[in-house]
Amino acid sequence: MAETPRPDPKRDPHEDLRIAESQISAILTIAADAIISLDQRFRITLFNEGATAVFGYTPDEIIGHPLERLIPERFRAIHPSHVADFDAASVAARKMGERQEIFALRKDGTEFAAEASIAKHQVGGKKIYMVVLRDVTERKRTEAALALANTELEKRIAARTRDLEAEIRRREETQAALIQSQRMEAFGQLTGGVAHDFNNLLTIVTGNLELLATEIRDESASTYLKRATDAADMGAALTKRLLTFARRRRLTPQVVDVNELVLGLTEMLKRSLGEPITLTTILAGKLWRTRADPSELENAILNLALNARDAMPSGGQLVIETRNVSTSETAGPPVLAAGDYVLVCATDTGEGMAPDVLEKAFEPFFTTKEQGRGTGLGLSTIYGFAEQSGGHATITSAPSMGTTVSLYLPRADAAGEPVPAAGPSEPVPLSENAETVLVVEDNPDVRELTLQRVEGLGYVVQEAENGPDAIRFLKANEHVDLVLSDIMMMGGMSGYDLARWIKTEMPHIRVVLTTGYAAEEAQQDPAGLVDAPILYKPYARADLATTLHTALHASASPV
Ligand SMILES: Nc1ncnc2c1ncn2[C@@H]1O[C@H](COP(=O)(O)OP(=O)(O)OP(=O)(O)O)[C@@H](O)[C@H]1O
Ligand SMILES: [Mg+2]
């Protein structure tokens, strides 16, 4: 700002005043901002054209009125204290933007955001206030729109970056998986060729040994012959595994219910794992069936359990899980064709694998176990079996983080694939009269699975979540022949309690109890009143079938 020129004593002071007046009047006319003057009682004494444009009042309408008119109702109460603050302050003026933004009121009653400067001065002992006010509504709107556009843009950039990163990762994974599968393919070719020739040779050796056996009577010669035959048999077993890896074994795929297969194996698995390892199964309800060679699948699961045992010398946990998985271009192992698969995973809490071990684990003859303990063919046969079945196998593992081996097996009951009504072929007693079984279980997954298994045996199934729920169901006069209930249930009523209630209230209904606890740990029926048969989880299909059948056909009520 230029300094006010000092009065020149030679000049006419009236003329200076006229010049100043006309300058001020021009400023008031051309200023786009509202310029308002107030007397010391805050009455409006000057209202320029800018003010008319901003507020909508003509000077005639507003001059002489209190400033209050231009302040929204909700700020009127606080306004005097702002004025008092400014009056008390030593500064003579406050410039725009120095104070927080304010809100002003137009003639039409609408509010708008504004910025204001204020100056006070004293003339002849009276205070005069000058206010310059600017409507910043438009600027605020633009700022807000800009901020929104900016955050939108940032969000879009972040999302795009994430997509790109995911895509890069995906490509790297696909590349690595492809290289791995090509390597396995090459190994397969090589191993397959050798194994095939070897098998022919072994067939000749065994055949001739058999012929020789019919000729030889001499006892010591028979011993030599036996040793040779045993060695040839071992060789044959080895070549069989090699051929499996090379996908040249003749497999006999069948439609398999993997849950039943796993349940049928649990006893044997527990025995092979030994005491310090706990085995848990998490089996999906409504699991699709797969088409695979059941005995090879059993072998695979057994081999996984043995690997887990070796990785947990001082104990741990092995979890075998089944699940339905639909893979697509972007979900699931990159080399696996998109489609529906039954997934079987074995997860242990063992020592895990270092990256260099992980990379080679599927290769035939790769083992980190001491001589005589491992042949290094376990995982390679599993790999070959999964591939030949139209599926895939993967390992996730890190040192001291445990290991998960996943087997993807193709879904069998997808469109067009006929599914046999019954599960595995072993003969089990099925329902004779389509009796009704009420399944009482509080874990929804286990309940779903149990319902499916009981239904698979030819029974009509009903379900209840807990004891009180079951009693309500039975009291509603629903026809039930047998109640299959878990012992440990939430909700304060155990399977024993339920069994006792049935014994007194509805003695014609048979009861079978199940429990996940070992016999010794299962809380005994405190009153000793219930002698219902107990199925210990996990139980095989045959056990379930026999127990239900026996309970229903025993002459006296078993409860
Ligand atoms: N669950 C696991 N935890 C940690 N390492 C494992 C696990 N499973 C396999 N491995 C590693 O992978 C190697 C190869 O396993 P694979 O089952 O093919 O052969 P093996 O167990 O050594 O011998 P075989 O199974 O023929 O008796 C193992 O020697 C071990 O180093
Ligand atoms: Mg092994």
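Just so it is clear, glycine is given a Cβ too, placed from its N, Cα and C backbone atoms.
The domain 'PAS' annotation in TrEMBL covers 20-73. The domain 'PAC' annotation in TrEMBL covers 98-148. Sequence annotations record features per position, and here TrEMBL assigns domain 'Histidine kinase' to 193-413. Annotated domain 'Response regulatory' per TrEMBL: 436-552, in sequence order. Annotation comment: TrEMBL describes Asp486 as 4-aspartylphosphate.
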Stretch in 20-73, 98-148, 193-413 most in contact with the domain 'Response regulatory' (436-552), if contact is a CB pair under 8 A: 193-413
Other CB atoms within 10 A, centred on Asp486 (4-aspartylphosphate): 24
Summary of DSSP states over the domain 'Response regulatory' (436-552), given as helix, strand and coil counts: 45 helix, 24 strand, 48 coil
